[in-house]
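If you check TrEMBL, you get these features:
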- 44-212: domain 'Helicase ATP-binding' (DOMAIN)
- 236-382: domain 'Helicase C-terminal' (DOMAIN)
- 539-619: domain 'HRDC' (DOMAIN)
Amino acid sequence: MTEQTDNETVAVADAADDHAEQLLAAIKQYWGYDSFRPLQREAMLGAMEGRDCLTVLPTGGGKSLCYQAPAVCRDGMAVVVSPLIALMKDQVDALTECGIPAAFVNSSLTAQERLDVANRVRSGELKMLFAAPERLVQPRTIEFLREANVSFIAIDEAHCISNWGHDFRPEYRKLNCLREAFPEASIHAFTATATEQVRQDIVDQLDLRDAEVLVGSFDRPNLLYRVERRSDAMSQIRQVIDRHPNESGIVYCISRSNVEDTAATLKTFGYKALPYHAGLEAEQRRAHQEAFIDEKVDIIVATVAFGMGIDKSNVRYVIHAEMPRSIEAYQQESGRAGRDGLEAECYLIYSGRDINTWEFLINQSDNEDNRKASFAALGGMERFCSSVTCRHQQLVGHFGQTLDHTTGCGACDVCLNEVETVDDALVTAQKIISSVYRQEQRFGADYTAQVLRGSRNKKVRHNKHDQLSTYGLLKHESEAVVRGWIDQLLSQGFLKRSGEHSVIVITEEGNRVLKGDVTPSLARPKTRQTVQSAADKWEGVDRGLFDALRQTRMDIADQRGVPPYVIFGDMTLRELARYRPTSVDVLLKIYGIGQLKLEEFGAAFVARIAEYSVEHSLETDLTIPAARPGTTVTNVAKPAKPKVSAKSGQYFDLFAQGLTRDEVALQLDRATSTVTGHLASYIRLRKCDDAARWIPADIVARVDKVIDDIGGDRLKPIFEALEESVSYDDIRIVSTCRAVRQENADE
């Protein structure tokens, strides 16, 4: 019996190893990654082996790949539940650029487009189908999908199913019908923010069978957290934006009016900013969102209605101009920064007014249990803001984890010593608590600060509090500093708010402070030193070349109608600008470049690198190490030789037979622009240098002349110089053949 069990164990281990190798080969070929990130292997194996699983990974931790890679490797089609149209579109665009057949079905599609998707499902072409929960649970949809070969079901943003979650969506509750509808398909739930209570609720609501629960670290070490009391909001916001010129950022506000005001003010200062909130027309929201995703504007100012459906990887800062309603909400909203693993800044400014706003909104609920839970969550967020302990530690601690940082995290205002401890904290605290006592514990924090600072406010004088012994004791301190100290005493339990007007009262621990039995910790902001965080991510990177490659990426994205980060992420561009390869052959060694993207975009990027390097006397073709920052985690993939994907092979065979682009498009039922993309890859790999095989010679000559005159690094100027009489597709083919001619001449 033991021997049989041991043999079974070995067989299972061998199967897991085989699946892991298969997965590694896939993520290298399609995504250009060399290794698994933490818990990706375990989550992917669960999908490969048909075991129900809940995976909790931080934003930017690679959740999507956990279901995308198994979907590619398994027979059949994975069904992915996604909450927002924008998120589906972004993911399908990205998968398509990687050469993976995927589609979505939602209300944005026409009847004909929905029919086309249905035909692709029936034909077995698709590896992934994305759908919103409300559409997926319709009986008609379920009956249709029962006829398909569903490999497994992935549920993204699974915290939406839980009443205890910070973003509960009733339509997610109906997903429990999927277990009965697809009893043979395993179910895999994914989320970035879930406490233990929420995790259990997800498992119960989805009826997961013997579910494996994988919980990664909630820490995002690449994020730099800063928290300050709000003093001059616009000045504080602009300081952050100015630290990240020409980079993408999100500014969050609580109300629509604050969103509009903030966006308008930023525009007057010359920043490229747009508002986003539920009060805008749907078409305007979509246009503003796309402008941000496509990098036509740098800044989106938004309510929390913005973001969950955004897959943009290179957001370099998130600013909360007002305090979020909970730590879960803050973790998710701030987590939209730095999803590419590169350094990013999360800056939060707050005041007591934010707390009052949230309390008012919470009290609109008729559900007593919901109100209690919301007030508790708000209290946790308030303590986070006013605390003087490591921000990273506080965030992971909220989710039941700890960090082992003996010398501090090095990535928050507290650990970077941007706040300083008050030497006479006991005396300062006694002044504050004594004032609360002398005010008969009938006033709020703002009023208490006014008394302590010696305000001539009419209300203070009317109450004769300008005659208190504590009046003006802290007159040399700013309002923000005094209010910060009151907040710190509240968060440490020496004071507490009471009643619907949030008056400040003294706790038993506060009385011990008055007696001198216990000393609170108080801190104040100090002048910030310039901090170079995660400098190794920029080490050796030529910033000018990086910007030039960003422009190349933008041009290609514009031509293909996709967001720039779908072409290549910022991490990939930094590696290209660091190692400066001038040969397509070595691009598979670069992080984030898979086989199809090599074929599609490689020539354009190495040409720009070569051109820029000559202009600026840069050394090229530096050695690319096997292990480097941001790329190595676990289970490294074996090096792969460039090869033609099965999808491209169909096109290549027809090109080799001498068929024209129109003939190939007709035979494969594909758009001419799609065929042109594969033809460009065919030209590069087969070293074809004569564009006249596919384009009339007179057009080739006209394009060649314009390129000789103005250069060929960008297609749009060529298109305009030709007075728009030659298509982008034709220009692209001529340009690609010229690049091959140059390569052939150099060999």
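Cβ coordinates are placed from backbone N, Cα and C, and glycine is handled just like the others.
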Mean of pLDDT values spanning the domain 'HRDC' (539-619): 89
Would you list the DSSP helix, strand and coil counts for the residues of the domain 'Helicase C-terminal' (236-382)? 66 helix, 26 strand, 55 coil
Write out how many residues of the domain 'HRDC' (539-619) are helix, how many strand and how many coil, based on DSSP. 59 helix, 0 strand, 22 coil
